[in-house]
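Undergrad: Dropping the structure in here first, questions after.
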Amino acid sequence: MSPNNDITTSSLQNIDNNGPLLSLRWAEDRLFLLDQRLLPEHIEFLELTTPEEIWDAIASMKVRGAPAIGISAAYGVVLAARIYDGEPSGWLAHVTKAAEYLATSRPTAVNLFWALNRMKDRAALLAEEQPEIETRNLGLMAEAVLIHQEDEEVCRLIGEHALPLFESGMGVLTHCNAGGLATAKYGTALAPFYLAKERGIPLKVFADETRPVLQGARLTAFELQQAGIDVTLLTDNMAAVVMSKGWIQAVIVGTDRVAANGDVANKIGTYGVAVLAKAHGIPFYVASPLSTIDLSTATGQDIPIEERPESEITESFGKRTAPVGVKVFNPAFDVTPHEYVTAIITEKGIVRPPFNTNLPALFDK
Ligand SMILES: CSC[C@@H](O)[C@@H](O)C(=O)COP(=O)(O)O
């Protein structure tokens, strides 16, 4: 069934003809979450009302992409607080425990911990200043909404800073999905493509399909096509050939965590793309909100890399595609060493090497 035949009433409210499909929406005391596992075949929104449901949606990648999982987890804390029916003296411990539980859903994207820390800090202040549980819960709600709204603005700014890097007619390769679906709106790596479209600047986007769970094919190709952006889908092993043909003038990807020295964790396969870009003299850009920069992690070697179930590799296209019992290695992310990164584009502007001094400077401004 084509996606357009399958759009439900609730999803229609999320489609704005000039922009991307929104992956998250808070309404009616619940989180409406676009189930990204079902794309591009079905556009279906889940209605989540408990922290356990949010934990499961993050762990099973119904919601994915660093900023989107941070926002979802923040709403998870709101839902946990609303369930609390004890004395005001136990409220903070309950909320903190819920945040710690939500933090166990996925290990690599630092936005998850960043958002949960913000919620915990807010909860601590509210517990100090507000005697009423209801007022505290409203305060937590306001913080989650702020995290959500700020992300949209941050993504738009990343797009504004990145756009001048791309000239009219350029071919730009991206890996995984760092688009509107992975964020509140616009995305990080895909934000300049939306702005280019708005301003009539033609770009040719090449999307790697991104094995094993195909975020490039299912999500990036889908959302760019929906927005009328010129996108060509490639399998991951075609990146070298399109670069050698001279079709790619830049690479831009998102990230799950940037270490203090500029090493970048992103979807498995990103490192290979960066090495290929260097071999072909093509700039390799990383779009990253400040919330994804983790100065407390010294280098990429210190970033925890999630390993996902073997079935993501042994079962594809709805059937078994590898022998039963074969050994499998399935890391969800890799680390691109900073020497392959031409620049990191943030909401505060473009950061170039040396990253170990230029990244901390971003937080002083
Ligand atoms: C703006 S999203 C940045 C990253 O989170 C994205 O590139 C990515 O690697 C997502 O991985 P996923 O496993 O789909 O959550």
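Heads up, the Cβ atoms here are built off N, Cα and C, so glycines get one too.
Bear in mind that the values here come from a model prediction, so they are computed numbers and not experimental data.
If you look up TrEMBL, you'll see Arg64, Gly65, Ala66, Arg106, Gln215, Asn266, Lys267 marked as substrate binding site. What TrEMBL lists as site 'Transition state stabilizer' is Cys176. Taken from TrEMBL, the feature active site, proton donor covers Asp256.
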Undergrad: To the nearest whole angstrom, what is the C-alpha distance linking Gln215 (substrate binding site) and Cys176 (site 'Transition state stabilizer')?
TA: 5
Undergrad: Round to a whole number and give the Cα-to-Cα distance in Å for the pair Gly65 (substrate binding site) and Asp256 (active site, proton donor).
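TA: Gly65 (substrate binding site) to Asp256 (active site, proton donor), Cα-Cα distance: 8 Å.
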Undergrad: Same-chain residues six or more away whose CB lies under 8 A from the CB of Asp256 (active site, proton donor)?
TA: Ala66, Thr108, Ala109, Val110, Asn111, Ala265, Asn266, Lys267, Thr292, Phe333
Undergrad: Once the DSSP letters are reduced so that anything not helix or strand counts as coil, what is Cys176 (site 'Transition state stabilizer')?
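TA: DSSP assigns Cys176 (site 'Transition state stabilizer') to coil.
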Undergrad: Quick test of your reading of the structure: among the binding-site residues Arg64, Arg106, Asn266, whose CB sits under 6 A from ligand 1?
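TA: The ones that qualify, in sequence order, are Arg64, Asn266.
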Undergrad: Using a 10 angstroms cut-off on Cβ to Cβ distances, just flag whichever of Arg64, Arg106, Lys267 is the loneliest among these binding-site residues.
TA: Arg106
Undergrad: Give the three-state DSSP assignment (helix, strand or coil) for Ala66 (substrate binding site).
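TA: Where Ala66 (substrate binding site) sits, the three-state DSSP reduction gives helix.
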Undergrad: Using a Cβ-Cβ cut-off under 8 angstroms and a sequence gap of six or more, which residues of the chain neighbour Cys176 (site 'Transition state stabilizer')?
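TA: Result: Asp208, Thr210, Gln215, Gly216, Thr220, Val253, Gly254, Asn266, Lys267, Gly269, Thr270.
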Undergrad: Near Gln215 (substrate binding site), how many other Cβ atoms are within 10 Å of its Cβ?
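TA: The answer is 28.
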Undergrad: According to DSSP, folded down to helix, strand and coil, what is Gln215 (substrate binding site)?
TA: helix
Undergrad: Taking the centroid of the Cβ atoms of Arg64, Gly65, Ala66, Arg106, Gln215, Asn266, Lys267 (substrate site), which other same-chain residues have Cβ within 8 Å of it?
TA: Ile69, Ala109, Cys176, Asn177, Ala178, Ala182, Gly254, Asp256, Ala332, Phe333
Undergrad: Tally every other Cβ atom lying within 10 Å of the Cβ atom of Gly65 (substrate binding site).
TA: 29
Undergrad: Give the number of CB atoms, excluding that of Asn266 (substrate binding site) itself, located within 10 Å of its CB.
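TA: The Cβ of Asn266 (substrate binding site) has 29 Cβ neighbours within 10 Å.
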Undergrad: Assuming the binding residues for substrate are exactly those in the record, Arg64, Gly65, Ala66, Arg106, Gln215, Asn266, Lys267, what is the maximum CA-CA distance in angstrom, rounded?
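TA: Greatest Cα separation within the listed binding residues comes to 17 Å.
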